[in-house]
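Trainee: Please see the structure below; I have some questions.
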Amino acid sequence: MSTDKTDVKMGVLRIYLDGAYGIGKTTAAEEFLHHFAITPNRILLIGEPLSYWRNLAGEDAICGIYGTQTRRLNGDVSPEDAQRLTAHFQSLFCSPHAIMHAKISALMDTSTSDLVQVNKEPYKIMLSDRHPIASTICFPLSRYLVGDMSPAALPGLLFTLPAEPPGTNLVVCTVSLPSHLSRVSKRARPGETVNLPFVMVLRNVYIMLINTIIFLKTNNWHAGWNTLSFCNDVFKQKLQKSECIKLREVPGIEDTLFAVLKLPELCGEFGNILPLWAWGMETLSNCSRSMSPFVLSLEQTPQHAAQELKTLLPQMTPANMSSGAWNILKELVNAVQDNTS
C-alpha cells in the first residue's frame, strides 16, 4: 500500500446483489445508485458483463445455453450432446466474473486488523450485480438438477471458486413466484426462455445457498455428510415442482447445498466423497464461510427495495481499501463498461 499521505485507508462495503434471473436485481441496483448520486464518488456500481456473455470470443453464451435446451426438446440434438453443450456455454458465463473478481480482490486490503469503521458516513460502497458464485455454483447446479448438465461437468465449476477476500456481503434478492414469472416473461432478453422447472430449482438453490453460509459459520460439511441420502430423482423432482427449501435460522446440513452435492458420481463405494472432490468441497466451504448473507425482497417498487437495502448497511461487514486502489477500481470498471456499451 502506498505511503503517500493522499492515499489513505478507507472503509468500504462490498455488496453483491444476487438471486434468480429476471426478478429486478439490476433495476434495484440502479435505483440504489440513484439514491446515493447526491454524494459524488461514494458508490461504484459494477453491472453484469452482459456484452461479454453475448460475444465471448465470438460465442453468445445466453442464446447458446437456452437454444441448446430448445434443440434438445425438438430432437435436433441428443440429450447427451445437449448436456455437453450446456456445460460448455455455462462455463462461458464464469470467465468475465472470475477475472473481474480477481482484480477486485487484488485491490483489497485483506488485513483483518484495524478495520475502518463504516457506521459513520461517508464511506465507500461497491455494489456488484452478481457474485461469481452465481455462475460457478447456483446456475450450473440448477442446470444439473433439471437434467440439462451431467454430474461430470460440475466439479470443474463448483470446486474452482476464487479465494474470497474479507468483507463480502451477499444479498440474495427474492420475489414471489407469480411476480417472478411475470417479470422474467416481460423482460424478453434475446434468446432467453422461461422454463418453470429450472426457475423453481434456481429459487430453491439460492435459499440453500443462504442456509449453507449460515450453517458453515458454526459447522463443517464433514459432520453430517454420512447422514445425508444421495441426491436422487425423487428429490430433484421435488425441487422442480415446489419451493420446498425453507430459509432456516439454524439450518441443518439437509437444508444446504450439500444435500444436492451428495452425488454417487462424486463418492466411493460406501458414500464417502472421493479425496479430490473432498478438497474441492473445502474450497467451496471456505468461500461460502467468508460471506455475510442477507435477504432482500424486491416484491414492491425498486425505490422501496433501495430503501430496504440501505437499512441493511449497518449490519454489513466492512473491508479496507486505500483511496488509490478505489480510484484504480473505478478506472477498471469504467474501462470494462465502456467496452461493453
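Using N, Cα and C of the backbone, Cβ positions are placed for all residues, glycine too.
When I checked Swiss-Prot for this same protein, it listed these features:
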type	residues	note
ACT_SITE	GLU48	active site, proton acceptor
BINDING	GLY19, ALA20, TYR21, GLY22, ILE23, GLY24, LYS25, THR26, ARG183	ATP binding site
BINDING	TYR66, GLN90, ARG189	substrate binding site
Trainee: Using a Cβ-Cβ cut-off under 8 angstroms and a sequence gap of six or more, which residues of the chain neighbour LYS25 (ATP binding site)?
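Mentor: Listed in sequence order, they are LEU17, ASP18, GLY19, ASP129, ARG130, CYS173, LEU298.
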Trainee: Nearest of the recorded positions to TYR66 (substrate binding site) by CA-CA distance, picking from TYR21, ILE23, GLU48, ARG183?
Mentor: TYR21
Trainee: For ARG189 (substrate binding site), which of the three DSSP-derived states applies: helix, strand, or coil?
Mentor: coil
Trainee: What whole-number Å value do you get for the CA-CA distance of ARG189 (substrate binding site) and GLU48 (active site, proton acceptor)?
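Mentor: On Cα coordinates alone, these residues lie 14 Å apart.
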Trainee: Might you list, by sequence position, any residue in that chain lying six or more from GLU48 (active site, proton acceptor) with a Cβ less than 8 Å away from its Cβ?
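Mentor: The answer is THR26, ASP129, ARG130.
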